[in-house]
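Working notes, structure below.
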């Protein structure tokens with residue numbers, strides 16, 4: 001009986017700090033094991049479903065089915081090992097006191113630059129810079145393997161090594177240029193905000209997120225990819241007509257050279273109020289994809305930055321199918337999904353800042369992670385948002401996934417109402433084929449992870465309208 005009661009007695013004897021620390025670690029591993037269990041179930045589907053199921057016979061040929069099966073199997077195996085590494089790394093950082101160590105190191109560096117302990121915001125920025133640098137360096141081998149082994153093997157990677165590193169360095173610099181000023185202002189607001197600092201902090205993050213959404217496609221995205229206006233012609237006219245019919249305030253349509261880095265395809269819209277733009281990846285457009293063009297005579301099809309794998313089959317969608325995909329995307333706007341997502345995000349943000357205000361004074365939270373003498377604001381944000389809120393974040397994430405699937409069905413139905421059911425049906429099949437999506441999934445894995453409904457479910461919902 002004594003042995004049986006031992007874990008409970010041990011837990012009761014632990015200090016509040018130790019209980020907090022152990023709870024955080026145990027929950028982190030519980031989430032990891034749950035994810036690993038789901039991934040194992042899905043991998044079993046990839047391994048055992050070797051023939052095209054009867055209901056997919058009309059949709060997918062056996063060659064594409066096998067290609068997508070092997071691609072998803074490789075991705076899943078990679079995800080397992082990278083996830084395990086990430087979990088072990090996180091655990092070792094916590095157990096070995098990596099966070100207080102990095103904080104003290106940041107203090108020494110800022111001290112040498114003439115900023116003493118009273119300059120907490122300066123020390124916080126040094127800490128943030130070192131932490132993101134550490135994260136970038138440890139994540140680099142995984143990113144390289146994913147791009148140049150997995151994506152390369154399955155014909156998606158279009159980058160050279162030089163382009164990859166140039167891209168990574170640029171991404172790191174741009175991230176720091178946004179992250180450091182925003183964080184310093186946020187910390188300053190929390191410091192001087194008084195009892196209602198959480199309201200000011202929330203309003204500040206709201207403004208920052210709206211500004212970033214507004215400037216992203218005009219000023220940030222072009223640093224990485226080339227955006228060109230969609231040339232005058234039938235497709236542009238049809239897009240403008242469709243936008244006008246549903247009162248979408250379209251101002252510009254761009255084509256982005258997504259094929260410089262990958263042959264995956266996409267489309268999105270952005271902008272506020274009466275200033276909306278549509279962005280189409282060249283890989284989505286059959287007529288514009290560089291991957292469909294044969295290299296000119298005398299060229300080997302490769303330049304210093306990219307390499308167009310012309311051995312890939314013709315890819316992308318016809319104009320009618322592109323319009324159907326856009327009909328779906330514009331459905332998200334017309335049905336208010338974008339606004340609803342912003343409202344949910346901001347309500348969540350406000351709640352988190354409010355709870356942060358309640359918890360920030362608890363010294364045992366800091367002590368649990370090795371901060372016995374100081375309670376830096378940035379560390380408080382990190383502990384509370386990243387560790388203490390993790391159970392809440394998991395539940396919220398699942399609820400948003402369920403909501404997202406509901407929105408996707410509604411956007412499909414909107415495209416159907418526009419008379420695009422037949423074209424959306426064929427576009428979804430093409431996009432699934434181009435991106436090597438595997439159309440069979442384990443039901444629990446699908447329910448937990450898929451923000452978009454499985455292909456068969458979407459096609460079934462479109463089928464009735466298609467047949468009418």
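Quick reminder: no glycine exception, Cβ is built from N, Cα and C everywhere.
Pulled from TrEMBL, these are the features on record:
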{"type": "ACT_SITE", "residues": "329", "note": "active site"}
{"type": "ACT_SITE", "residues": "412", "note": "active site, proton donor"}
{"type": "BINDING", "residues": "328, 332, 408", "note": "Zn(2+) binding site"}
{"type": "DOMAIN", "residues": "42-226", "note": "domain 'CAAX prenyl protease 1 N-terminal'"}
{"type": "DOMAIN", "residues": "229-464", "note": "domain 'Peptidase M48'"}
{"type": "REGION", "residues": "294-314", "note": "region 'Disordered'"}
{"type": "TRANSMEM", "residues": "20-38", "note": "transmembrane segment"}
{"type": "TRANSMEM", "residues": "121-145", "note": "transmembrane segment"}
{"type": "TRANSMEM", "residues": "172-190", "note": "transmembrane segment"}
{"type": "TRANSMEM", "residues": "196-217", "note": "transmembrane segment"}
{"type": "TRANSMEM", "residues": "350-372", "note": "transmembrane segment"}
{"type": "TRANSMEM", "residues": "378-403", "note": "transmembrane segment"}
Other CB atoms within 10 A, centred on residue 332 (Zn(2+) binding site) | 20
Other C-beta atoms that fall within 10 angstroms of the C-beta of the residue listed as 'active site' | 18
Given the recorded positions 408, 412, and counting only Cβ atoms in the protein chains shown, which has the most within 10 Å of its Cβ?
-> 412
Looking only at Cβ atoms, how many others are within 10 Å of the one on residue 328 (Zn(2+) binding site)?
-> 24
Do the transmembrane segment (20-38) and the transmembrane segment (378-403) come together with 3 or more C-beta pairs under 8 Å, pairs six or more apart in sequence?
-> yes
Excluding the flanking five residues on each side, which residues at least 6 beyond the ends of the transmembrane segment (121-145) place their CB within less than 8 Å of a CB in that stretch?
-> 78, 82, 85, 89, 102-103, 105-107, 109-110, 113, 115, 164, 168, 172, 175-176, 179-180, 183-184, 187-188, 191, 376-378
Residue 329 (active site) to residue 412 (active site, proton donor), Cα to Cα, whole Å, comes out at 9
Compute the average pLDDT of the predicted model within the domain 'CAAX prenyl protease 1 N-terminal' (42-226).
-> 93
